[in-house]
Amino acid sequence: MDCVNISWFLITLFAAIATSTMHDGENNNVGKMLQEPTYLQSEMIESIMSRHLESFSLTESDFEDIIFMKPRSKCVKDALKDIIPECMRLGVDSIEPGLQKKAAIQLSICEFENSKVTYPSSCYNMINDNDFDSCIFDIERAPQYWTTFSGYYREITKICYEESLPFEKEQIISLYSNITKLYSKMFQDLNDSYKDSTHIQQMMKNEFKELQRMMKVILDQNEKTSEEVKEKYEEFSEQYSSMLSTSLEISKKFSLGTENLVEDMANNIKYLDFELSRISIAIEDLDFETKLTDMKNSVLDDVRNLSDESISLLDSILTNLESLDILSQDAQNITNGISQSLKKNEVLSNNMNNALIETDTQLHEHNEVIRFEFEETISYLSQFSDQAIDNAIRDTSEEITKHVATFIDSINLRLEETTTKLEEVIYNIDDLSDKVGNASSYLIEGLNLLTSNGIMDALLLTYNNVASGLESGFGMLTTLKSDIFKIVRFITACILFAILFIWSMNRLFSQNRTKHTTLSSISPIGILNFRRIFRFLTNLALWLSVMGGTLLAVIVTNFLIQLKVYISKLSTND
């Protein structure tokens, strides 16, 4: 009964410890679940285990002493081992004569051996019934042997009564001895499992601390990189906003200057028309038709040359515009890539947070599984069955091993996924940096294209050729050349710069006007406004043609005025 009480006490103790530990684990987070027991708790648990191990050792020694306190010899036990169970099972009256005869012969031989009396050789090594019959036949010949045999044969029933209780006691002692040894082994295994679980718990705690530290470092680096990219993008947007504002101001100033120039040219055309009408009336009687025809042909040749050079210049401008369109598309693609990279970084951050939450959930489930398995183990132990206890211990070990392996595999999988996602974040950050660098290079290339000297040199060459042709044909534009050249060069440069810059900015920001708050208040030019600008440029080209014709008219008028003065001088001299 002491063994039973000790066993129940141990089971109750372990159930209380397991329930308390699991209850504390449910009320704490992942970090507290992995927290090792305090020093006082460890000392208390070790003290309890050592005390009960000593109790088991003392109980085992007591059982050994009880087993060694045998009232009879081994020979007597062997002689009665077959008849006592039958006597207890069926009763004294149901003992078979053959079994009773065998027991009486064996008891007689035990007495002969204890008394060191020689007995017949046929009674040695008896195996089957014939051997026993031969032994009885030889014993019957000697009266002293037969007296001993017959006495034991008659006393079998009495011996059965006397030996039933000691036999039952031995069976009970053997049973409880086996149970005590089993519980001792189970307790030792539980003690070893507790030590192993403490070691594993400490290892898992260290690994989770290292994982937490690594995740914190990675998140800090990611946040720092995101801030740097955000600052660079804001600076880039501010520069674009400033350039766009400057281009809008230049466009407004150019529009006002163009309107004033058109008004002045209209007034000059009206004045020239009036003067030409007067001059045409004055020279009707003069014979200058041949000279005027030559002058007209020369002027037409110069105009054709100017037209050819203008066409080639327009082709060059269209080529540059196509290049600028390609650069604008590349800048647009880079901007889209930057936006997609930022979205990917956000998705990866959300996935990392979800992975941490799933890890927390799996730890909680792992704790629940351990508690459930421990409760199942306790329920099996309460049945006092050797087979049930062995099966429970084996199943519990397999389940715990399986769940621990599954949990470790899950952690390794989460670590691999986290590593892959971190590599993707680093790759996206590098790609983002390359795209920002490409965007800066494209911007610089576009600005260099806008300020390229090739277009300006072509315009200067065209107007120099026109001016030199007019000057060589008439010799009357020395004073007018420099002023007209400066005005036309300034107007042309402003027009080309405004057209190229506004067109490129429209292509770059037409689909990304809501990407940043700095640009949210600036509306793109749009297709309709671009058509208006193109229509304006067409009218401007027509106006330039009119201006060329007007310039030609001014030259002709100047020539006619000088001719009139010359004729007047000749008339005065005559």
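Even glycines carry a Cβ here, placed using N, Cα and C.
Annotated features in Swiss-Prot:
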{"type": "CARBOHYD", "residues": "N178", "note": "N-linked glycosylation site"}
{"type": "CARBOHYD", "residues": "N191", "note": "N-linked glycosylation site"}
{"type": "CARBOHYD", "residues": "N305", "note": "N-linked glycosylation site"}
{"type": "CARBOHYD", "residues": "N333", "note": "N-linked glycosylation site"}
{"type": "CARBOHYD", "residues": "N438", "note": "N-linked glycosylation site"}
{"type": "SIGNAL", "residues": "1-20", "note": "signal peptide"}
{"type": "TOPO_DOM", "residues": "21-483", "note": "topological domain 'Lumenal'"}
{"type": "TOPO_DOM", "residues": "505-540", "note": "topological domain 'Cytoplasmic'"}
{"type": "TOPO_DOM", "residues": "562-574", "note": "topological domain 'Lumenal'"}
{"type": "TRANSMEM", "residues": "484-504", "note": "transmembrane segment"}
{"type": "TRANSMEM", "residues": "541-561", "note": "transmembrane segment"}
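This view paints the features noted in Swiss-Prot onto the structure.
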residue	record	DSSP class
N178	N-linked glycosylation site	helix
N191	N-linked glycosylation site	helix
N305	N-linked glycosylation site	helix
To the nearest whole angstrom, state the Cα distance for the pair N305 (N-linked glycosylation site) and N178 (N-linked glycosylation site). 123
Spatial separation of N178 (N-linked glycosylation site) from N191 (N-linked glycosylation site) - C-alpha basis, Å: 20
What's the number of neighbouring CB atoms sitting within 10 A of the CB on N178 (N-linked glycosylation site)? 12
